[in-house]
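What follows is one structure encoded as C-alpha coordinates, with my remarks underneath.
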Ligand code: SAM
(Lines of atoms letter the chains of each structure in order from A and count residues from 1; the text may use other names and numbers.)
(Lines give C-alpha, C1' and ligand atoms only; values in the text may rest on other atoms or scores of the structure.)
Protein backbone atom coordinates (compact mmCIF):
# COMPACT_ATOMS: atom_id res chain seq x y z
CA UNK A 1 0.00 0.00 0.00
CA UNK A 2 2.89 2.36 -0.46
CA UNK A 3 2.65 2.79 -4.22
CA UNK A 4 1.89 6.26 -5.58
CA UNK A 5 1.20 7.77 -9.00
CA UNK A 6 2.64 11.27 -9.24
CA UNK A 7 1.88 13.89 -11.85
CA UNK A 8 4.21 16.84 -12.15
CA UNK A 9 1.41 19.37 -12.64
CA UNK A 10 3.70 22.37 -12.99
CA UNK A 11 7.48 22.58 -12.71
CA UNK A 12 6.96 23.32 -9.01
CA UNK A 13 3.90 21.29 -8.01
CA UNK A 14 2.99 17.61 -7.92
CA UNK A 15 -0.24 15.70 -7.35
CA UNK A 16 0.13 12.18 -5.94
CA UNK A 17 -2.54 9.51 -5.65
CA UNK A 18 -2.11 6.31 -3.70
CA UNK A 19 -2.32 3.35 -6.07
CA UNK A 20 -3.99 0.07 -5.14
CA UNK A 21 -3.00 -1.64 -8.38
CA UNK A 22 -1.36 -0.89 -11.70
CA UNK A 23 -3.94 -2.23 -14.15
CA UNK A 24 -2.19 -1.50 -17.42
CA UNK A 25 0.92 0.13 -18.84
CA UNK A 26 2.15 0.40 -22.42
CA UNK A 27 4.06 2.63 -24.78
CA UNK A 28 1.81 3.45 -27.74
CA UNK A 29 3.13 5.06 -30.95
CA UNK A 30 2.04 8.42 -29.47
CA UNK A 31 2.43 8.29 -25.70
CA UNK A 32 2.93 6.33 -22.51
CA UNK A 33 -0.46 5.01 -21.45
CA UNK A 34 -1.29 3.76 -17.97
CA UNK A 35 -4.38 2.85 -15.99
CA UNK A 36 -4.13 2.75 -12.21
CA UNK A 37 -6.67 1.78 -9.60
CA UNK A 38 -6.32 4.52 -6.99
CA UNK A 39 -7.71 4.77 -3.47
CA UNK A 40 -9.03 8.34 -3.76
CA UNK A 41 -10.24 8.62 -7.35
CA UNK A 42 -10.91 5.04 -8.45
CA UNK A 43 -9.50 4.02 -11.83
CA UNK A 44 -7.32 6.70 -13.37
CA UNK A 45 -6.14 7.05 -16.98
CA UNK A 46 -2.77 8.76 -17.44
CA UNK A 47 -1.03 9.67 -20.70
CA UNK A 48 2.65 10.59 -20.42
CA UNK A 49 2.08 10.69 -16.64
CA UNK A 50 -0.62 13.35 -16.96
CA UNK A 51 -4.07 12.54 -15.54
CA UNK A 52 -6.69 12.42 -18.29
CA UNK A 53 -9.67 11.21 -16.37
CA UNK A 54 -10.68 9.38 -13.20
CA UNK A 55 -13.83 7.48 -12.33
CA UNK A 56 -14.51 9.81 -9.38
CA UNK A 57 -14.46 13.22 -11.07
CA UNK A 58 -14.81 12.56 -14.83
CA UNK A 59 -18.50 13.52 -14.86
CA UNK A 60 -17.73 17.18 -14.23
CA UNK A 61 -15.46 17.56 -17.23
CA UNK A 62 -17.47 15.41 -19.64
CA UNK A 63 -20.84 16.93 -18.77
CA UNK A 64 -19.50 20.46 -19.07
CA UNK A 65 -17.57 19.98 -22.29
CA UNK A 66 -20.67 18.46 -23.89
CA UNK A 67 -23.93 19.90 -22.50
CA UNK A 68 -23.13 23.62 -22.39
CA UNK A 69 -22.65 23.60 -26.16
CA UNK A 70 -25.28 21.00 -27.02
CA UNK A 71 -27.90 22.98 -25.05
CA UNK A 72 -26.81 26.20 -26.75
CA UNK A 73 -27.46 24.84 -30.25
CA UNK A 74 -31.23 24.34 -30.77
CA UNK A 75 -30.87 21.23 -32.94
CA UNK A 76 -27.41 19.60 -32.89
CA UNK A 77 -27.65 16.64 -35.26
CA UNK A 78 -24.05 15.93 -36.25
CA UNK A 79 -21.43 16.25 -33.52
CA UNK A 80 -17.67 15.69 -33.73
CA UNK A 81 -15.32 14.94 -30.83
CA UNK A 82 -11.60 15.40 -31.43
CA UNK A 83 -9.49 13.41 -28.97
CA UNK A 84 -11.70 12.12 -26.17
CA UNK A 85 -10.65 8.49 -26.67
CA UNK A 86 -11.92 7.55 -23.20
CA UNK A 87 -15.46 7.99 -24.59
CA UNK A 88 -16.79 10.29 -21.85
CA UNK A 89 -17.79 13.13 -24.18
CA UNK A 90 -19.50 10.66 -26.51
CA UNK A 91 -21.48 9.20 -23.57
CA UNK A 92 -22.83 12.67 -22.78
CA UNK A 93 -23.56 13.61 -26.43
CA UNK A 94 -25.64 10.47 -26.86
CA UNK A 95 -28.01 11.71 -24.12
CA UNK A 96 -29.35 14.29 -26.61
CA UNK A 97 -32.16 12.87 -28.75
CA UNK A 98 -31.52 15.41 -31.53
CA UNK A 99 -28.10 13.85 -32.22
CA UNK A 100 -28.17 11.61 -35.28
CA UNK A 101 -24.45 10.99 -35.50
CA UNK A 102 -21.56 11.47 -33.08
CA UNK A 103 -18.13 11.08 -34.66
CA UNK A 104 -15.04 10.47 -32.51
CA UNK A 105 -11.68 11.25 -34.13
CA UNK A 106 -8.92 9.99 -31.84
CA UNK A 107 -5.30 9.78 -32.94
CA UNK A 108 -4.33 6.91 -30.63
CA UNK A 109 -6.43 3.75 -30.93
CA UNK A 110 -4.78 2.30 -27.83
CA UNK A 111 -6.50 4.93 -25.65
CA UNK A 112 -9.88 3.71 -26.89
CA UNK A 113 -8.90 0.07 -26.35
CA UNK A 114 -7.74 0.77 -22.78
CA UNK A 115 -10.90 2.75 -22.01
CA UNK A 116 -13.07 -0.08 -23.34
CA UNK A 117 -11.27 -2.57 -21.12
CA UNK A 118 -10.67 -0.63 -17.91
CA UNK A 119 -13.11 2.29 -17.92
CA UNK A 120 -16.45 0.82 -19.08
CA UNK A 121 -18.41 3.43 -17.10
CA UNK A 122 -16.85 6.11 -19.33
CA UNK A 123 -16.53 4.29 -22.67
CA UNK A 124 -19.98 2.67 -22.49
CA UNK A 125 -21.56 4.61 -25.39
CA UNK A 126 -18.82 3.94 -27.95
CA UNK A 127 -20.84 1.05 -29.42
CA UNK A 128 -24.05 3.06 -29.73
CA UNK A 129 -25.34 2.82 -33.33
CA UNK A 130 -25.19 6.61 -33.65
CA UNK A 131 -21.43 6.63 -32.90
CA UNK A 132 -18.68 6.39 -35.50
CA UNK A 133 -15.07 6.02 -34.35
CA UNK A 134 -12.29 7.19 -36.68
CA UNK A 135 -8.61 6.73 -35.85
CA UNK A 136 -6.96 9.81 -37.31
CA UNK A 137 -5.44 13.17 -36.54
CA UNK A 138 -8.21 15.61 -35.63
CA UNK A 139 -6.29 18.45 -37.26
CA UNK A 140 -6.41 16.64 -40.60
CA UNK A 141 -10.06 15.66 -40.13
CA UNK A 142 -11.32 19.22 -39.67
CA UNK A 143 -9.18 20.41 -42.56
CA UNK A 144 -10.78 17.81 -44.84
CA UNK A 145 -14.42 18.22 -43.74
CA UNK A 146 -16.31 21.40 -44.56
CA UNK A 147 -19.77 22.44 -43.42
CA UNK A 148 -20.14 19.01 -41.81
CA UNK A 149 -20.88 19.38 -38.09
CA UNK A 150 -23.33 21.34 -35.92
CA UNK A 151 -21.00 21.06 -32.95
CA UNK A 152 -17.34 20.20 -32.47
CA UNK A 153 -15.82 19.28 -29.10
CA UNK A 154 -12.06 19.49 -28.73
CA UNK A 155 -11.39 17.03 -25.89
CA UNK A 156 -7.63 17.04 -26.16
CA UNK A 157 -4.53 16.42 -24.12
CA UNK A 158 -2.41 19.43 -23.10
CA UNK A 159 -0.86 21.44 -25.96
CA UNK A 160 2.25 19.31 -26.43
CA UNK A 161 3.02 16.53 -28.94
CA UNK A 162 0.10 15.59 -31.24
CA UNK A 163 -2.27 18.00 -29.44
CA UNK A 164 -0.13 21.11 -29.93
CA UNK A 165 -1.82 22.01 -33.23
CA UNK A 166 -5.25 21.71 -31.58
CA UNK A 167 -4.53 25.04 -29.85
CA UNK A 168 -3.49 26.99 -32.96
CA UNK A 169 -5.29 29.76 -34.83
CA UNK A 170 -5.22 27.86 -38.12
CA UNK A 171 -6.92 24.90 -36.41
CA UNK A 172 -9.73 27.16 -35.12
CA UNK A 173 -10.17 28.51 -38.64
CA UNK A 174 -10.52 24.91 -39.91
CA UNK A 175 -13.00 24.21 -37.09
CA UNK A 176 -15.02 27.24 -38.25
CA UNK A 177 -15.05 25.88 -41.79
CA UNK A 178 -15.97 22.36 -40.64
CA UNK A 179 -19.04 23.72 -38.82
CA UNK A 180 -22.45 24.28 -40.42
CA UNK A 181 -23.64 27.87 -40.81
CA UNK A 182 -24.98 28.10 -37.25
CA UNK A 183 -22.48 25.69 -35.66
CA UNK A 184 -20.41 26.09 -32.52
CA UNK A 185 -17.43 24.47 -30.84
CA UNK A 186 -16.17 23.93 -27.30
CA UNK A 187 -12.55 23.17 -26.40
CA UNK A 188 -10.90 22.40 -23.09
CA UNK A 189 -8.46 25.26 -22.55
CA UNK A 190 -6.48 24.43 -19.41
CA UNK A 191 -6.03 26.05 -16.01
CA UNK A 192 -6.84 29.69 -15.20
CA UNK A 193 -4.16 29.58 -12.49
CA UNK A 194 -1.31 28.01 -14.43
CA UNK A 195 -2.03 28.50 -18.15
CA UNK A 196 -3.12 32.11 -18.36
CA UNK A 197 -1.11 32.69 -21.54
CA UNK A 198 -2.86 29.80 -23.31
CA UNK A 199 -6.33 30.95 -22.24
CA UNK A 200 -5.69 34.54 -23.35
CA UNK A 201 -4.17 33.54 -26.69
CA UNK A 202 -6.84 30.94 -27.55
CA UNK A 203 -9.63 33.36 -26.64
CA UNK A 204 -8.13 36.12 -28.77
CA UNK A 205 -7.80 33.73 -31.72
CA UNK A 206 -11.34 32.36 -31.34
CA UNK A 207 -12.79 35.86 -31.05
CA UNK A 208 -11.00 36.90 -34.22
CA UNK A 209 -12.71 34.06 -36.15
CA UNK A 210 -16.14 33.53 -34.52
CA UNK A 211 -18.78 36.25 -33.98
CA UNK A 212 -19.37 34.90 -30.44
CA UNK A 213 -16.56 33.79 -28.09
CA UNK A 214 -17.21 32.74 -24.49
CA UNK A 215 -15.14 31.29 -21.66
CA UNK A 216 -16.68 29.12 -18.96
CA UNK A 217 -15.39 27.27 -15.91
CA UNK A 218 -15.86 24.06 -13.94
CA UNK A 219 -14.14 22.36 -11.00
CA UNK A 220 -12.20 19.20 -11.78
CA UNK A 221 -10.25 18.14 -8.67
CA UNK A 222 -7.56 16.11 -10.45
CA UNK A 223 -6.62 18.82 -12.98
CA UNK A 224 -3.93 21.34 -12.00
CA UNK A 225 -5.44 23.95 -9.70
CA UNK A 226 -8.88 22.31 -9.70
CA UNK A 227 -10.52 25.14 -11.64
CA UNK A 228 -10.69 24.37 -15.37
CA UNK A 229 -11.52 26.49 -18.42
CA UNK A 230 -13.45 25.79 -21.61
CA UNK A 231 -13.66 28.10 -24.61
CA UNK A 232 -16.65 28.28 -26.93
CA UNK A 233 -16.71 29.78 -30.41
CA UNK A 234 -20.18 30.13 -31.93
CA UNK A 235 -21.39 31.37 -35.31
CA UNK A 236 -24.90 32.29 -34.18
CA UNK A 237 -26.10 31.13 -30.78
CA UNK A 238 -25.03 32.76 -27.51
CA UNK A 239 -24.82 30.29 -24.59
CA UNK A 240 -25.77 33.05 -22.17
CA UNK A 241 -29.09 33.68 -23.91
CA UNK A 242 -30.40 30.13 -23.85
CA UNK A 243 -33.54 29.53 -21.78
CA UNK A 244 -31.98 26.42 -20.23
CA UNK A 245 -34.86 25.80 -17.79
CA UNK A 246 -37.13 25.15 -20.76
CA UNK A 247 -34.92 22.40 -22.19
CA UNK A 248 -35.50 18.70 -21.42
CA UNK A 249 -33.77 17.64 -18.20
CA UNK A 250 -30.62 15.59 -18.64
CA UNK A 251 -29.42 12.82 -16.40
CA UNK A 252 -26.41 14.71 -15.02
CA UNK A 253 -24.55 15.13 -11.73
CA UNK A 254 -22.76 18.47 -12.28
CA UNK A 255 -24.44 20.20 -15.21
CA UNK A 256 -27.82 21.84 -14.52
CA UNK A 257 -29.62 24.93 -15.86
CA UNK A 258 -28.23 26.98 -12.95
CA UNK A 259 -24.70 25.68 -13.56
CA UNK A 260 -25.05 26.47 -17.29
CA UNK A 261 -25.63 30.12 -16.42
CA UNK A 262 -23.20 30.30 -13.51
CA UNK A 263 -20.31 28.77 -15.46
CA UNK A 264 -20.01 32.00 -17.49
CA UNK A 265 -19.67 34.16 -14.36
CA UNK A 266 -15.91 34.64 -14.31
CA UNK A 267 -13.91 35.69 -11.26
CA UNK A 268 -12.20 39.02 -12.04
CA UNK A 269 -8.75 37.45 -12.39
CA UNK A 270 -10.11 35.18 -15.14
CA UNK A 271 -12.32 37.83 -16.77
CA UNK A 272 -9.22 39.98 -17.09
CA UNK A 273 -7.56 37.31 -19.26
CA UNK A 274 -10.28 37.35 -21.89
CA UNK A 275 -12.06 40.71 -21.55
CA UNK A 276 -15.28 38.89 -22.51
CA UNK A 277 -18.15 41.24 -23.47
N1 LIG B 1 -10.04 15.04 -20.46
C2 LIG B 1 -8.71 15.04 -20.85
C3 LIG B 1 -7.84 16.13 -20.31
O4 LIG B 1 -8.18 17.32 -20.43
O5 LIG B 1 -6.82 15.78 -19.74
C6 LIG B 1 -8.53 14.73 -22.28
C7 LIG B 1 -8.86 13.29 -22.44
S8 LIG B 1 -8.70 12.50 -23.93
C9 LIG B 1 -8.03 10.97 -23.35
C10 LIG B 1 -7.40 13.28 -24.86
C11 LIG B 1 -7.08 12.52 -26.12
O12 LIG B 1 -6.68 13.42 -27.16
C13 LIG B 1 -5.94 11.51 -26.01
O14 LIG B 1 -6.46 10.21 -26.03
C15 LIG B 1 -5.02 11.80 -27.20
O16 LIG B 1 -4.55 10.64 -27.83
C17 LIG B 1 -5.96 12.61 -28.08
N18 LIG B 1 -5.30 13.48 -29.05
C19 LIG B 1 -4.21 14.28 -28.87
N20 LIG B 1 -3.89 14.92 -30.01
C21 LIG B 1 -4.82 14.54 -30.94
C22 LIG B 1 -5.02 14.87 -32.31
N23 LIG B 1 -4.21 15.72 -32.96
N24 LIG B 1 -6.06 14.29 -32.96
C25 LIG B 1 -6.89 13.42 -32.32
N26 LIG B 1 -6.73 13.07 -31.03
C27 LIG B 1 -5.72 13.63 -30.34
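Any Cβ shown, glycine's included, is placed from N, Cα and C.
Listed in TrEMBL:
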type     : residues                   : note
DOMAIN   : 2-235                      : domain 'PABS'
BINDING  : 31, 106, 137, 138, 162     : S-methyl-5'-thioadenosine binding site
BINDING  : 62, 86, 155, 156, 157, 158 : spermidine binding site
ACT_SITE : 155                        : active site, proton acceptor
Does any of 62, 137, 138, 158 have a Cβ within less than 6 Å of an atom of ligand 1? These are the binding-site residues; tell me which, or none.
137, 138
Cβ packing number for residue 162 (S-methyl-5'-thioadenosine binding site), 10 Å threshold:
17
Three-class DSSP secondary structure - residue 155 (spermidine binding site):
strand
So the record assigns 31, 106, 137, 138, 162 to S-methyl-5'-thioadenosine. If I measure every Cα pair among those residues, what is the longest distance in angstrom, as a whole number?
16
Kindly assign residue 162 (S-methyl-5'-thioadenosine binding site) to one of the three DSSP-derived states: helix, strand or coil.
helix
Could you say which of the binding-site residues 137, 158 has its Cβ with the most other Cβ atoms inside 10 Å?
158
Set of same-chain residues at least 6 away whose C-beta sits under 8 angstroms from residue 157 (spermidine binding site):
31, 47, 48, 50, 52, 83, 163
Additional residues around S-methyl-5'-thioadenosine, ordered along the sequence, whose Cβ is within 8 Å of the centroid of 31, 106, 137, 138, 162:
30, 82, 83, 107, 108, 136, 156, 157, 163
Within 10 Å of each Cβ, count the other Cβ atoms, then let me know which of the binding-site residues 106, 155 comes out lowest.
106
Could you say whether, by DSSP, residue 106 (S-methyl-5'-thioadenosine binding site) belongs to a helix, a strand or a coil region?
strand
Where residue 137 (S-methyl-5'-thioadenosine binding site) and residue 158 (spermidine binding site) are concerned, what is their Cα separation in Å, rounded?
15
Taking the residues 62, 86, 155, 156, 157, 158, which the record names as binding spermidine, find the longest CA to CA distance and state it in Å to the nearest whole number.
16
